[in-house]
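Trainee: First the structure, which I've put down as structure tokens, then a few questions once you've had a look.
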Amino acid sequence: MHVVYPGSFDPLTNGHLDVIQRASRLFEKVTVAVLENPSKRGQYLFSAEERLAIIREATAHLANVEAATFSGLLVDFVRRVGAQAIVKGLRAVSDYEYELQMAHLNRQLYPGLETLFILAATRYSFVSSTMVKEIARYGGDVSKLVPPATLRALKAKLGQ
């Protein structure tokens, strides 16, 4: 089965990478879909191309993982790449409530499309891209929260 794992990934965290690695063991092919939201231009720390490069570097050891950018409806991207399902990581109940609504909406737009949830590993359940950016902006150590590719990109971007 071919699945899509969508997100902003601004930046990629160890939590994201854990979901990608686990999905790669469960599914034949995983496409990491990097959202490029035109209405949020200027709000991202990293451009879509930079996020894509970070993901590709961090997942280079996973032969069945690819990454691509998309804008517009996720269901259109899923159709375009020929995937059968969406994979989402869940950290907390609040994630579940939001993702459940999105799963129902996506299924309404694309009947038969499945959304599969992977629970975050406990050690990453508190990690978010927003928190990583905030800590990094203030010079805090995020090395245990992000893969080496992200750490290098953060240091370069923030001049550290």
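Even glycines carry a Cβ here, placed using N, Cα and C.
Take a look at what Swiss-Prot says about it:
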BINDING   Ser8, Phe9, His16, Gly89, Leu90, Arg91, Glu99, Tyr124, Ser125, Phe126, Val127, Ser128, Ser129, Thr130  ATP binding site
BINDING   Ser8, Lys40, Leu74, Lys88, Glu134  substrate binding site
SITE      His16  site 'Transition state stabilizer'
Trainee: Of all the binding-site residues given, Lys40, Lys88, which has the fewest Cβ neighbours within 10 Å once its own Cβ is left out?
Mentor: Lys40
Trainee: Could you check what DSSP calls Ser8 (ATP binding site) once collapsed to helix, strand or coil?
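Mentor: It is coil.
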Trainee: Measuring Cα to Cα, how many Å separate Ser129 (ATP binding site) from Leu74 (substrate binding site)?
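Mentor: Between the Cα atoms of Ser129 (ATP binding site) and Leu74 (substrate binding site), the distance comes to 20 Å.
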Trainee: Helix, strand or coil for Glu99 (ATP binding site)? Use DSSP.
Mentor: helix
Trainee: Nearest of the binding-site residues to Val127 (ATP binding site) by CA-CA distance, picking from Lys40, Leu74, Lys88, Glu134?
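Mentor: Comparing Cα positions, the closest of these binding-site residues turns out to be Glu134.
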Trainee: If I take the alpha carbons of Glu99 (ATP binding site) and Lys88 (substrate binding site), what is the distance between them in whole Å?
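Mentor: The separation of the Cα atoms works out to 8 Å.
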Trainee: Can you tell which of Glu99, Glu134 has the least company, meaning the fewest other C-beta atoms within 10 angstroms of its C-beta, among these binding-site residues?
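Mentor: Output over binding-site residues Glu99, Glu134: least Cβ neighbours within 10 Å is Glu134.
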Trainee: I need the nearest neighbour of Leu74 (substrate binding site) among the binding-site residues Ser8, His16, Leu90, Ser125, using C-alpha distances.
Mentor: Ser8
Trainee: Between all pairs in Ser8, Lys40, Leu74, Lys88, Glu134 (listed as substrate binders), what's the biggest Cα distance, rounded to the nearest Å?
Mentor: 28
Trainee: Cβ-Cβ under 8 Å from Ser125 (ATP binding site), same chain, 6 or more residues apart: which ones?
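Mentor: Within the chain, Ser125 (ATP binding site) has Cβ neighbours under 8 Å at Gly15, Arg91, Ala92.
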